[in-house]
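K.L.:
Got a structure for you, questions after.
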Amino acid sequence: MAREQLQVLNALDVAKTQWYHFTAIIIAGMGFFTDAYDLFCISLVTKLLGRIYYHVENAEKPGILPPNVSAAVNGVAFCGTLAGQLFFGWLGDKMGRKKVYGMTLMLMVICSIASGLSFGQNPKSVMTTLCFFRFWLGFGIGGDYPLSATIMSEYANKKTRGAFIAAVFAMQGFGILAGGIFAIISSAAFEAKFDAPAYEVDPVKSTVPQADYLWRIIVMVGAIPAAMTYYWRMKMPETARYTALVAKNAKQAATDMSRVLQVDIEAEPQKMEESVSAFKLFSKEFMRRHGLHLLGTTSTWFLLDIAFYSQNLFQKDIFSAIGWIPPAKTMNAIEEVFRIARAQTLIALCSTVPGYWFTVLFIDRIGRFAIQLMGFFFMTVFMFALAIPYDHWTHKDNRIGFVVIYSLTFFFANFGPNATTFVVPAEIFPARFRSTCHGISAASGKLGAIIGAFGFLYLAQNKDKSKVDAGYPAGIGVKNSLIVLGVINFLGILFTFLVPESNGKSLEEMSGENENENETGAVELEPSGLNKRTVPLA
């Protein structure tokens, strides 16, 4: 027999947009602000770390991080994030969203500060300590993905749910922007206070001793916004869907949501039936109902993050290639940080941030599927537009055109799959698996990010061995790397067809929690709560 939706869940679905919705967006979003700041700020200071800790006497170019160290510094946080997504995603379904939510934030605060305090007697010990704390920083960041998405989806009404979840994720854009702006301000202040010649004039004096404080300050500041929201996270009640559908306490769910919605919701007898919750994660029944959905969410996030994170991590090298950032030897260490930060901030301001908020604006109007398909399509087109005539773009007169098209790829990543791959897994799985399945999908994405972070440090190297960075083997070059990314984006188009559209539907309708099998093997559906229809199973 089909089951009616609990009154408290229906009240959430039809609730008008209220102040508590925006409060939840801010509380969850500040975690993502910190996530983005912490993950991407390292790309602003990797060149500086090379100059400080790996200076080579009488070398023509400033010191750079050795390949293995660079890969570790850039990629270790992603390894921690992957582990955190799986662990905290599972824990969020076992213990409840609220109980776990504070743990992730405190881990991020502690490890952000500890990363900036990395110590050691030699470069190896400093980098080892930095990598250790960045792994655990990533572990905390990883937990924020499934928990924030699940909490926001379970608090939201069905009319604007996509926009609310996307708004939480869009705070990443402000985090990236804030990282760049803070690096610009702090490096400009250091440059004004500690004047230094260019590397080609005086290799030793070009890196002032105080530069060692600059990267530490940039890394540590990410702890501030996370610490500011800890209290409010602890004040949030458990989501009604977890309390009612997983903890099986409809009365408590009604009490909590009456306070949040500021309306009277009558506590009703528990309507959950054990037979409905019988199947387990990865059981035959789970795979029949949700197997293709999980394949769709994991594959698209995996492919998207290969492209997205590899671009972020080697964009400073692309800017160097087209002349936005001068040759390293013509700058001192602090000036190089300033120029890298300025270039990345301009990209964030012109394409990354607008792309996120276009998704917020349109996701509940045109749907998740259309936005994701469109995003992957234009990313493919623009990536090939950069790659095929790449030599044309490197000429001085054509640099602005390159930057415009490069910015458009970021715009359509964010007004596209970078946002939708985060939103959809929080909507289409049952409440008792929602956080876990979102964590699995997100971890698949971070596996792609690891491939992008590690692989493209090598792939993007020049094919001419005499022109590669010190310590790296010859790669396939930036042009061929962009072609590879174009192919990856095209595969994203194909796998998008495995992802269902959840626009305008309740979470229970998408996950099948309002359906039950009757004795004849048919599924009875009750989308409206009154009109029942029976659909034979294939």
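Glycine is no exception: its Cβ is also placed from the backbone N, Cα and C atoms.
According to TrEMBL, the protein has these features:
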- 24-504: domain 'Major facilitator superfamily (MFS) profile' (DOMAIN)
- 506-538: region 'Disordered' (REGION)
- 20-49: transmembrane segment (TRANSMEM)
- 69-88: transmembrane segment (TRANSMEM)
- 100-119: transmembrane segment (TRANSMEM)
- 163-185: transmembrane segment (TRANSMEM)
- 213-232: transmembrane segment (TRANSMEM)
- 346-363: transmembrane segment (TRANSMEM)
- 369-388: transmembrane segment (TRANSMEM)
- 400-419: transmembrane segment (TRANSMEM)
- 439-460: transmembrane segment (TRANSMEM)
- 481-500: transmembrane segment (TRANSMEM)
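Tell me about the setting of these features in this model.
P.N.:
Beyond its flanks by at least six residues, the transmembrane segment (20-49) meets 62, 64-65, 70, 73-74, 77-78, 81, 104-105, 108, 112, 127, 134, 137-138, 141, 144-145, 148, 151-152, 155-157, 160, 164, 167-176, 178-180, 183, 211, 214-215, 218-219, 221-223, 225-226, 228-229, 232-233, 236, 260-261, 312-313, 315-316, 328, 333-334, 336-337, 340-341, 344 of its own chain at Cβ-Cβ distances under 8 Å.
Using a Cβ-Cβ cut-off under 8 Å and counting only residues 6 or more beyond its ends in the same chain, the transmembrane segment (69-88) has close neighbours at 38-39, 42-43, 46, 49-50, 54, 100, 103-104, 127, 130-131, 134-147, 309, 313, 435, 439-440, 442-443, 446-447, 449-450, 453-454, 457.
Residues 31, 34-35, 38, 84, 88, 91-92, 125-127, 129-130, 133-134, 136-137, 139-144, 147, 151, 216-217, 219-220, 222-223, 226-227, 229-230, 233-234, 236 of the same chain, all 6+ positions outside the transmembrane segment (100-119), place their C-beta atoms under 8 angstroms from a C-beta of that stretch.
Sequence-distant contacts of the transmembrane segment (163-185), counting only residues of its own chain at least 6 positions beyond either end whose CB sits under 8 Å from a CB of the stretch, comprise 21, 24-25, 28-30, 32-37, 40-41, 44-45, 148-149, 152-153, 155-156, 218, 221-222, 337-338, 340-342, 344-345, 348-349, 352-353, 355-357, 359-361, 363-364, 414, 419, 422-423, 426-427.
Among residues of the same chain six or more beyond the transmembrane segment (346-363), those with a C-beta under 8 A of the stretch's C-beta atoms are 162-163, 166-167, 169-170, 172-174, 176-177, 180, 315, 371, 403, 406-408, 410-416, 418-420, 423, 503.
Here the transmembrane segment (439-460) has Cβ contacts under 8 Å with residues 67, 70-71, 74-75, 78-79, 81-83, 85-90, 92, 142, 145-146, 294, 297-299, 301-311, 313-314, 317, 421-422, 425, 472-473, 475-478, 480-481, 484 of the same chain, all six or more residues outside its ends.
Non-local neighbours of the transmembrane segment (481-500) in the same chain are 292-293, 295-297, 299-300, 303-304, 306-307, 310-311, 314, 368-369, 372-373, 376-377, 379-380, 383-384, 386-388, 390, 417, 424, 428, 456, 459-460, 475, 510; each lies 6+ residues outside the stretch with a CB under 8 Å from one of its CB atoms.
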K.L.:
For the domain 'Major facilitator superfamily (MFS) profile' (24-504), what's the model's average pLDDT?
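P.N.:
Summing pLDDT over the domain 'Major facilitator superfamily (MFS) profile' (24-504) and dividing by its length gives 88.
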K.L.:
List, by number or range, the same-chain residues at least 6 past the transmembrane segment (400-419) whose CB is under 8 A from its CB atoms?
P.N.:
166, 169-170, 173, 300-301, 304, 307-308, 311, 315, 318, 322, 324, 347, 350-356, 358-360, 362-363, 371-372, 374-376, 378-379, 382-383, 385-386, 393-394, 492, 496
